[in-house]
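In what follows, a structure is listed as C-alpha cells, so that the remarks can point back to it.
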Amino acid sequence: MKALMFLALAGLVLLFVVGYASESEEKEFPIELLSKIFAVDVFKGEERGCKGFGDSCTPGKNECCPNHACSNKHKWCKVYLGK
C-alpha cells in the first residue's frame with residue numbers, strides 16, 4: 001500500500017514537471033524550476049548607486065541610499081528618522 005501511494009505521488013510530480021517543461025521555452029528551465037520550488041532567487045549581483053542599511057560608509061560623503069544616513073559613531077548606514 002505504501003509503495004502504491006509513493007508511485008502515485010511520484011507520477012503526479014513527474015506529470016507536473018513534464019507539463020511545466022512543455023510550457024517553458026527558456027533554456028534555464030532547471031534553475032527556474034528549482035527557484036520556484038524552493039522560493040530561492042538567484043543572486044544576480046545588481047549594483048546600486050547607494051549603500052543600504054548596515055553597509056559601511058564614510059561620514060559626510062552622502063553614500064547612503066535615500067532615507068538612510070551615515071552614522072558618525074559606527075561608520076555604517078542607518079535609517080534616518082530626522083531629528
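Using the three backbone atoms N, Cα and C, a Cβ is placed for every residue, glycine included.
Recorded disulfide link (Swiss-Prot): Cys70 to Cys57, out of the candidates Cys57, Cys65. For the disulfide-bonded residues shown (Cys64, Cys65), fewest C-beta neighbours within 10 angstroms: Cys65.
Fewest Cβ neighbours within 10 Å among the recorded positions Cys57, Cys70, Leu81: this applies to Leu81. Cβ-based crowding with a 10 Å cutoff singles out Cys77 as the top-ranked of the disulfide-bonded residues Cys50, Cys77.
Candidates Cys57, Cys77, Leu81 (recorded positions) were compared with Cys65 (disulfide bond); those inside 10 Å Cα-Cα are Cys77.
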